[in-house]
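Chemist: Below are the features I grabbed from TrEMBL:
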- 1-20: region 'Disordered' (REGION)
- 7-19: compositional bias 'Basic and acidic residues' (COMPBIAS)
- 102-487: domain 'Catalase core' (DOMAIN)
- His149: active site (ACT_SITE)
- Asn222: active site (ACT_SITE)
- Tyr432: heme binding site (BINDING)
Amino acid sequence: MVGAHLSNEERKGRDHRGGGVELSPAGFIRRVQLGVNHSDWNIALLAFCNIFDISASPADSVPYLSGRGLRVSKMADNRDYAKEQLERWQQQRGSQEADCLTTGAGIPVGDKLNVLTVGPRGPLLVQDVVFTDEMAHFDRERIPERVVHAKGAGAFGFFEVTHDITKFCKAKVFEHIGKRTPMAIRFSTVAGEAGSADTVRDPRGFAMKFYGEDGNWDLVGNNTPIFFIRDAILFPSFIHSQKRNPQTHLKDADMVWDFWSLRPESLHQVSFLFSDRGIPDGHRHMNGYGSHTFKLVNAYGNAVYCKFHAKTDQGIKNLSVKDAERLASEDPDYGLRDLYNAIANGNFPSWTFYIQVMTFEQAETFPFNPFDVTKVWPHKDYPLIPVGKIVLNRNPVNYFAEVEQLAFDPSNMPPGIEPSPDKMLQGRLFSYRDTHGHRLGPNYLQIPVNCPYRTRVANYQRDGLMCISDNQGGAPNYYPNSFTGPEEQPALKESCVFISGDVQRFNSSVEDNVSQVRDFFVKVLSEEERMRLCENIANHLKNTQLFIQERAVKNFTDVHPDYGAGIQAYLDKHNAEGKRKDEVHT
């Protein structure tokens, strides 16, 4: 441990160039950083302040060296860890000198501030490779943003098993109690662009990547256990309706509500969205759900259906409409900032992970389609089974490298986890891999944050744009072969399932679209919450044409008369006010 009282001789040292000099403050800091762990930093800081006659409190001061010399930085009241990122990066470097500035090819740069010209007023020279190197890369910096879930925040941590579920699932991530698996989570809004506000009323993406020993498992969920549609063929139209009008390039309430009111299966998710939970207070205070029905298979080949849940340990917190609108103006990155600062402060967010389980026999007699993502499984019949704990304890080192390039794919399921006949899930199994190929390139799984680094990739895929691995060397690139190329593992085949039926396009819109919505409205929400729900819907629906309002209100009335009447009352009030304004204007 660093002592607080050192003699002059003890303060002597050698700088990084090897000359005998008095130990500089920066050199001392660097040695402290190398010689103590994080828990001893406060003690080391006190010793540092004693030696160099600096007054500082370990709780709020951080010493660092800048080009202007040593100083102790005290975080101002209006500063937080996110705002202090650059100073903390500099502090972590300690006494290191600035790196040599180079081109992308590693060639040292002598002058970065002035282009190469013929005379002070002359034209640029083509041979100015410093300029062309910079501009050529700048011109290509942006990659396509995600078509949905463009605005997001990410963090890293681990999943730890707390309860044994090996009787249901053989996946190694659940192998034994106490097992930890590294993971990443990306939180996001759905409809907004990359620069949109975090506090808009919108479902939140809750995508989890488990870096497992038997490959990466991507559980690509939301903060709701349900979704707007149950047939994947509707997904492009649904997203188009939530995006911008193709001519005006404005958000269009007619588009949104025209689609929703024509597809009454959306009632459940729409009701959840316009309830108090429609605007979570950041990313730490919301639950995550796999939403779809999946299949778990144990070591004996026995299978059950399941749903995944991640319940926040921070407690559910939501924003009022007023606070959400204020934050959208004052701090549109509120959710991202809150997550970053919480982790930087050591306040690591966590979630408790659960499953629901349904046998194949129970699925046959279930009162509705158990693979319908617009509905939930009642907890009283299919209780939550605790599995483990999710903890996020590391912020991204670089946002683009570790969050923007982070790619999730629902088809990434290790042995023991399989898809169910859920139509939306089946559609997503293709779509995500396809969109990543467009956005990040065919070798996006070689990007470090997406790489299944805890297992060895061995297959017959080769080449492609931006192949940055050894391309599997001289191994055979065809199968079967006689030269010990990778072999299949019959014991890890998918479980056997029997399916029969007529092949046709079945209309799923005629299924029960109101029973669970009625339970949500009557049994889950309080009277005050029901009033806010009706008001929130009306405040958005009022921007549509009257025939769309009428159709939507009829759908809500089918759920419960009070639901439709409550929305209509707010609409009547708004329409009456609008009529009076028109009369005054006339």
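For all residues, glycine too, the Cβ spot is worked out from N, Cα and C.
Worth saying up front: this structure is predicted, and the values here are computed from it rather than measured.
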Chemist: Counting across all protein chains shown, how many other Cβ atoms sit within 10 Å of the Cβ of the residue listed as 'heme binding site'?
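Modeler: Here the count is 19.
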Chemist: Excluding near sequence neighbours, so keeping only residues 6 or more apart in the same chain, what lies with its CB under 8 A of Asn222 (active site)?
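Modeler: The list for Asn222 (active site) reads Val190, Pro203, Arg204, Gly205, Phe206, Gly288, Tyr289, Ser291, given in order along the sequence.
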Chemist: What is the total of other Cβ atoms whose distance to the Cβ of His149 (active site) is within 10 Å?
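Modeler: Around His149 (active site), other Cβ atoms within 10 Å: 22.
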Chemist: Please state whether DSSP places the residue listed as 'heme binding site' in a helix, a strand or coil.
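Modeler: Assignment for the residue listed as 'heme binding site' reads helix.
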Chemist: Reported as an integer number of Å, what is the Cα distance between His149 (active site) and Tyr432 (heme binding site)?
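Modeler: Taking the Cα atoms only, His149 (active site) lies 12 Å from Tyr432 (heme binding site).
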Chemist: Return the average pLDDT for the domain 'Catalase core' (102-487) as a whole number.
Modeler: 97
